[in-house]
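**Q** My questions all concern the structure below.
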């Protein structure tokens, strides 16, 4: 019933044709927006209306024109007329017969016309015939009369339809050369359907359903001959007089302004139009019909009219005005006012081409004329304006000046295409940026793409006309390039000259280019040789060759030049030979960091310039080679005709530029286009390709501030199809979530700024129209709530509408597709939104048949529905629709839910196989399919059908496509997949969240892995830096479940590769079906959930899970699966290493599916398939090695013990090792990349020695057969080394050193790191933490016991390894545990996991426990802990319990005298932040009161164990509560001697002494410091410094303590003191009292300097003291130290000056002392040769240094020590150019006695510094670091008032302001501390005597 009602309404015309208001409410007629519910609608009864009119190409007039030309090519001949005649004048008369009101005629005349033609010609040659073009009409009579009136006898007539020529044959030589003739015809022609051109008819239907006809003409290129006999070629220009006899009820139009018609019998009218100017025949036009118009008169007084048919009047004004303004601006630009009195724009219901440029009467397809603001978007409006401006440009380029023949068609169409956008910028100046971007998008990019297609042809095309992308888009792009080369003004001057010269005639390319050459010459425009530019020569390779240049732009030098080269974009071997050999002279407009303003360059076609001096020639024609420091860009104006590809380094620099400073939209667009098209080029050539660079670029571009705030439609439109290609790969699979994440990554910021309303900015509004539907499809931002609310408002506004939604929708047309999409997608199942839209669609196709935009928006919106039921309705609509099936089914391609519904619908309706829509249907259904499962699904459908051959071919095509896409996804797309994981998904977490509902225990993993890194084993390029693997995990299920959740991250697999088996007692595998469609990844948790089919329950039993997958290797050092590169071997070649680190980041789940939590310990059976020339290492020893012939080898490893997944390790590479065996026979090896193993001997000894200690001390043998230490050339920045069980992996400098260059710090760092990781083999590997918040169970133990491992290995270093390290751990822990916002508990969920607390505070607390429990009890408790929890997991509670048992066994009591409970004791220390400060206060004169408070001043309290040292004893007491808990101990008389609480820094606390207690300690130190240990002395210095720094003490209280240092001889105290001395020397560097401070330092250290001098002895503590003393005394200008430095330096120069192997052997100076020697020796030298020597030696290290420590940094630092201003400036310039690293800035600054070298250099070189290849903050930090005077502060501020300051960008200004804050802070420090500090020095040391 509903269908009949709708059809009835259609026929009786109750709806107006084009309506903007609702029809009156009719009884019984339901409004489409009345309330309803989806569940009440019978889906099978829903019926549809279908539109009767829809343009085939609604948004692209050029496609319409191309379609027209293709149709015409079926009957057009290109046979040319002989050059016998010259056309002078035509008089034409036409009477058309077509249905019109009141007109009657014989039926046989219907859709014909009568015609009379009188043609005046001049004979150019003698002949026997007159030959003209004529086609498809009947000639009734003809006559030829010469100029004198003499009739020329015509003996016969010949009409050849093949050549479309008519010959009137007279006597021999009857046609006399030079004679003028009139040739007259009377004939009858055909009025064709609109598809056939000539005179054609079309029609429209009025609201009452009546059909109204109209006629018009379409003559281009060869159809004038269908209308009248003629010389129908462009070059035969003539004048035309046209008369039309037409139905009096109609309107007649032609090229010229109509005159008053003459009526005949009130039925017919006759009108004669004024004679035309000279013009080509194809431009003649007339039209007759019921036309109406809107008018506009422009500033040139030209009348422009927009014509339509009745009912369209209200939509024509925009066209009239736009046309008038385009005409005016074109007249202004060309300097030639439009020569006709009127310009008509006639819109027809049907027109084969989008538009036709007939002079004065342009005919269009209606949508380019009628602008309906209720349906049409901004993009539709601009498209109409563009088409009009295109056709109006033809009035000059094509009509006024016409191409001589169709080979130069670009002279018509190229100009029109160029000006259609260019001239709009003058019409709509506020939209200029948008329009210019459209020109690059729609002209340049389309032209470049067309020029490399298989059907490409030269721009000048003898086989023309070619109405295609070459002619239009390449032609327009040539003009854009010429404008850029000549300059806009010169180009305009040249175009004006061309038009003036060639007006009313015909032109070819030579005419244009020669005119431009003359103009260029008169304006002194030069070419690449510096000669006057010859435009003709320049353009020849562009117009006569296909293809375009590929410009390779190499900018990979640190400071060197960028270089260019060119080649044809396509392989030259596939191209037809040309005289230019596919080379071009390429104009480039470039900019770089040093030349930010664009400048012109040429990349010449060939070397050599004639008639020029050879030197000048070489200079002028050399390829561009500009200084390229950091970034450089070319084609800034996006005018170069070619594609530019940047090398990887240059590309990265451009990315950095875009991030920092942004670029214009056109450059963004061209960069994206060039990257994508280059990728396609490489793909076609079967070379490595990928989307990664494109994606990197897009990521940066779409997150720039400019795009975020003002999004560019053109940039988005360039990128979106590429993004869609990527989306297509993943939309239907397990990684479908990648697609919305990708769009959110790129566009979330832009979306957040969109207002969801029109802005009057076309760019933003068009972007909104195109982008927002994607935002809805991909759930960006608040689209769900917003679109649902907006559609609710639409529903409310249209509740009474009977005419659809266009007129009543309150929202912009730009937003409607998104609103409808959101309503369809997000509406709840009970909503009627979908059906409201469907009803609206049914009404819109009747209400607005010509304005299709609204009903198409409704269709596209409905395609977003996720409901199978409503999708089924939509599919039924589509399969019956009259619309283009590719368009409407194409909507469903973006909806992943649609494919299965399409499949099921086809299965239920197999008759669809006979539909003409079969191809489009299958295309949409399989568009996103790319899996083995989908291929089988499609084959199943195919096999159920009986197919014809054509149907079989269609199915076969899509089966092959699915198969190829599946293959592509798993091969070539691997790099893209890797990029998506790197950028869309969290790389890793430290730690990951716990995975809930893990019911598996005792996992046993079998991993077979192939590692694809460069080596002897071949693999496909797309497999590079990947691994392929199969993993089987056998496990015990402990509780019922219907799904398995396992950790897996960064792994690519097809769910169908997963197998699940039930393992029974007989070890038989029983397969368990898996629901592959519901296998789901959780990227944020790093898990995959595998459900059983039909939710089958898995009961407790043993199961195995098999997965085949591919994973990704980070190409830089990182956590997870990573790679290393190095240079090594005999040829110093690059090598690759595969390595793992699973403690942080991606975790082991990135290598294999596993239960990746520490508590899920399992065993691992690992087999690695790797290049044969490499070695594979893992946790266990290798047990089998199989070598294959193809360069690959399999290494199988023994099964591991039970261990946590994060300890699994692999290393593959070219390795060598040193080995030894421990006391118990453990094989110990240190591995390095080949050639470096010699430097690992020290680490090998530490490894073995630490194993021996751990085994012996804890009575727990190392359980593995071997322990390997792998020293890598690179390692993750997040860690130094990793304690994998049996295979320690870390950065090389932590395991190796070169003894010729290694300082004591270098050596001890190797010892400490190695021992630390070995200790982990017990604490972390054998016993493993239960969860990551207990990480101190690993790291605290390793940080504590490594000292004992070193001590066991090197007992002679006890003073350093034990004494110094124990103090240092406490020192660092206390330092950071009192910083708000930084400090956190040792046991904490607060990130980061790996911070100061678990390492240093954890170590300090273990030291505390060792002291409280006693070493023996602590040892016993830990041995028990290891034994009890070995191979399982432990918590802090387990540790405390083991220690408690040991403590109580030995009767250790707590603060209450009760058996000590370690947990109660340690919880406050491990679960709370900060530490206790015990403050001693003098009550009265003789009583000391102690109280406790937190360092961070909160209410936290601890039970503090304190060892108290007095002259006669060392006592132990507990301090509890606030006051200590025992007044006998803590409320005590003032001691007669000294009393040190916390002696030996045995507790984790600080003691704040009262003055009297403090000075008794100080007195003791002055009299006999050795009564206190070095640790105690260092602790006192550390505490005193802390109390002074925190404001609790006066500075002098701390300074008094330093007096005892005159006798100090231990490392820890000196390190504390010298850190303070160095700070003071730097603070006072520019204070006038600096000598006073220097004297203080020299006097305090005098005795120590005398004792230690410059003597090193191999004892680490001694050698560090020497280093510290030498450094600080040279800084303090100690004359003796400076003299020693000079002497050693002179010897050094003498010995090393000519060294060709570095300085390690020749120096003769201990590495600890080289930095001060080189620095202060060179500083005192007056010999410039010494500077040269140091500089040369530094340069040698830069060129030749390997991986290990060298003197390079020492020598570089020395260069900065010189005081020669010229040398300083030279070095600063070299830093800016990249010759020296920016670290030299710091050396120059700290050694600059004047303080202003960097500042003055900044004043003189501001721009260069800002452009330097390093961050501005480095310069500012170096410059201001020691400034502290009021003058310096004012000087720093003065720069802000200079003009140079304005050169800084916002970020740089902030950096500078931070620098001023530093100076201000330094100055404020002086205000507080300077006076008391100096007075104290004066008091104790007197005046300086240096």
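Even glycines carry a Cβ here, placed using N, Cα and C.
These came from Swiss-Prot, pasted as-is:
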ACT_SITE  391  active site, proton acceptor
ACT_SITE  1317  active site, proton acceptor
BINDING   220, 354, 355, 356, 357, 358, 1143, 1280, 1281, 1282, 1283, 1284  substrate binding site
BINDING   390, 394, 413, 1316, 1320, 1339  Zn(2+) binding site
CARBOHYD  110  N-linked glycosylation site
CARBOHYD  534  N-linked glycosylation site
CARBOHYD  581  N-linked glycosylation site
CARBOHYD  785  N-linked glycosylation site
CARBOHYD  914  N-linked glycosylation site
CARBOHYD  1024  N-linked glycosylation site
CARBOHYD  1094  N-linked glycosylation site
CARBOHYD  1245  N-linked glycosylation site
CARBOHYD  1451  N-linked glycosylation site
CARBOHYD  1521  N-linked glycosylation site
CARBOHYD  1826  N-linked glycosylation site
CARBOHYD  1841  N-linked glycosylation site
SIGNAL    1-20  signal peptide
**Q** Nearest to residue 1143 (substrate binding site) in three-dimensional space, by Cα, is which of the recorded positions 110, 785, 1317, 1826?
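**A** Answer for the nearest of the recorded positions: 1317.
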**Q** Please name which of the recorded positions listed here, 220, 1094, 1281, 1283, 1521, is nearest in space to residue 1320 (Zn(2+) binding site), Cα against Cα.
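**A** Ranked by Cα distance from residue 1320 (Zn(2+) binding site), first place goes to 1283.
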**Q** Let me check the 10 A CB neighbour count of residue 220 (substrate binding site). How many other CB atoms are there?
**A** 27
**Q** Taking every protein chain shown into account, which of the recorded positions 1283, 1317 has the largest tally of Cβ atoms within 10 Å of its Cβ?
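**A** For the recorded positions 1283, 1317, the Cβ with the most other Cβ atoms within 10 Å is 1317.
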**Q** Around residue 357 (substrate binding site), how many other C-beta atoms are within 10 angstroms of its C-beta?
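**A** Other Cβ atoms found within 10 Å: 25.
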**Q** Return only the integer: C-alpha distance in Å from residue 534 (N-linked glycosylation site) to residue 413 (Zn(2+) binding site).
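**A** Per the Cα atoms, residue 534 (N-linked glycosylation site) and residue 413 (Zn(2+) binding site) stand 24 Å apart.
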**Q** Determine the Cβ neighbour count for residue 1451 (N-linked glycosylation site): the number of other Cβ atoms within 10 Å of its Cβ.
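**A** Other Cβ atoms within 10 Å of residue 1451 (N-linked glycosylation site): 9.
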**Q** Restricting the comparison to the recorded positions 220, 914, 1339, 1521, which residue's C-alpha is spatially nearest the C-alpha of residue 1317 (active site, proton acceptor)?
**A** 1339
**Q** Please find, for 220, 354, 355, 356, 357, 358, 1143, 1280, 1281, 1282, 1283, 1284 as listed binding substrate, the greatest distance between any two Cα atoms, in Å.
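**A** 82 Å is the greatest Cα spacing among the residues binding substrate.
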**Q** Within 10 Å of residue 390 (Zn(2+) binding site) (Cα-Cα), which of the recorded positions 110, 581, 1094, 1245, 1283, 1841?
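**A** The recorded positions passing the 10 Å Cα test: none.
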**Q** Measure from the Cα of residue 355 (substrate binding site) to the Cα of every one of the recorded positions 785, 1245, 1316, 1826, then give the nearest.
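**A** Out of the listed candidates, the nearest Cα belongs to 785.
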**Q** Between the Cα atoms of residue 1094 (N-linked glycosylation site) and residue 1316 (Zn(2+) binding site), what distance do you get, rounded to the nearest Å?
**A** 52
**Q** When you tally the Cβ atoms that lie within 10 Å of each candidate's Cβ, which of the glycosylation sites (110, 785, 1094, 1826) has the highest tally?
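**A** Sorting the candidates by Cβ neighbours within 10 Å, the top entry is 1826.
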**Q** Can you grab the distance from residue 1024 (N-linked glycosylation site) over to residue 1316 (Zn(2+) binding site)? Cα atoms, rounded to a whole Å.
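**A** Residue 1316 (Zn(2+) binding site) has its Cα 35 Å from the Cα of residue 1024 (N-linked glycosylation site).
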**Q** I need the CA-to-CA distance for residue 220 (substrate binding site) versus residue 1339 (Zn(2+) binding site), whole Å please.
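**A** Distance (Cα to Cα, whole Å): 84 Å.
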**Q** Given a separation of at least six residues and a C-beta threshold under 8 Å, show me what packs close to residue 394 (Zn(2+) binding site) in the same chain.
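**A** The answer is 357, 362, 412, 415, 416.
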**Q** Using Cα coordinates, what distance in whole Å links residue 1339 (Zn(2+) binding site) and residue 110 (N-linked glycosylation site)?
**A** 98
